[in-house]
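As given in Swiss-Prot:
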SIGNAL    1-20  signal peptide
COILED    56-109  coiled coil
DISULFID  105-331  disulfide bond
DISULFID  116-323  disulfide bond
DISULFID  119-320  disulfide bond
DISULFID  124-313  disulfide bond
DISULFID  131-303  disulfide bond
CARBOHYD  195  N-linked glycosylation site
CARBOHYD  255  N-linked glycosylation site
CARBOHYD  309  N-linked glycosylation site
CARBOHYD  349  N-linked glycosylation site
CARBOHYD  398  N-linked glycosylation site
CARBOHYD  429  N-linked glycosylation site
């Protein structure tokens, strides 16, 4: 018998003397009735060690699979970070071009803007867009246009939103480094635990059947014929690619050609043309009748005011034409660059969000792996601690004492057994209670006490 098995079997020999007689002097009289106790104990010890070694092997296999998943996540993080940096670079380039164009436009076209603004802010435009059927969205678009154009050309305009701070990227990088360090240490601990358990396996190899030896020494990628008794949560298999698809962020956005400013230019010209076509001086029409037909009831008062100011509105045509020319000729690049900047900023935000999501998935994967490894180690890791003990020899049997507790001088009432284990475990002793309504020499009592001793021994070595 190999040393690790002897370490456990020594307890069983204690029980041999404890249960075989009421007192130590009467051992010879009853020893023959309990010769099966060490044999039962050895069989149970072998079964427990075998079960624990199976769990350690399964733990190693699971950790290797988790390492593959972790490597995929780290690869996705690296790719996403590169894409995020590309998006940031693109936004910075567009922002630089936009700032240059804005400076040139501000310096050269202040006068043109002063002539354009009255057209856009005039009551004629507001009245017409509120009264003419089919133009309900023009008013909001005009407000949006005014807000954006003031932002470009007014000296009091708000600054463009700054790109994400470098400090934020640094925090994210530190978090990823922390995750990588923790996972690497977890992998090292799992490998070390398996190595110590493998040492125990080699010492007890001849005690195991051939099938178990082939399984424990087989490649981890082969089918496991001895799966440990674990919960469904631990044994559940999920492919990383099925849970977490990592799209390419540069496929999310394209075609920057759509511009709100082009639509506003068209609205201005259509409005001017509609005013001119509808209110020709030589046309003799019943203006009130036309108004009642073409204008909505809820805007009746506003539309009547529009009719009264018709002559004044026609005078604004030249100014609005100048405004149209200004938008299309004097600062043609500013609106388009602004749209490109907004799209680039959106791309940066999406890439940052995606990067954060992958970081969160990696963090969850780490925490889930730690949880699974702790549960498996708690159940099976005790067997690896046998490797840290010196070889057990026959002399250790003589250095251990087990004393039955006798109540009231009645030797038949041995309900407790005190075991002195100071030569093996740091704790000096522990107590095993006999099961109620069972005799000291019954088979059920033997199995019960063996199980209690094994439970005490395994509990002592549950560390990590």
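Cβ from N, Cα, C; glycine included.
Residue 195 (N-linked glycosylation site) sits 46 Å from residue 349 (N-linked glycosylation site), counting Cα to Cα.
Across the coiled coil (56-109), the model assigns an average pLDDT of 86.
Within 10 Å of the C-beta of residue 105 (disulfide bond) we count 21 further C-beta atoms, all protein chains included. If you measure from the Cα atom of residue 349 (N-linked glycosylation site) to that of residue 105 (disulfide bond), you get 28 Å.
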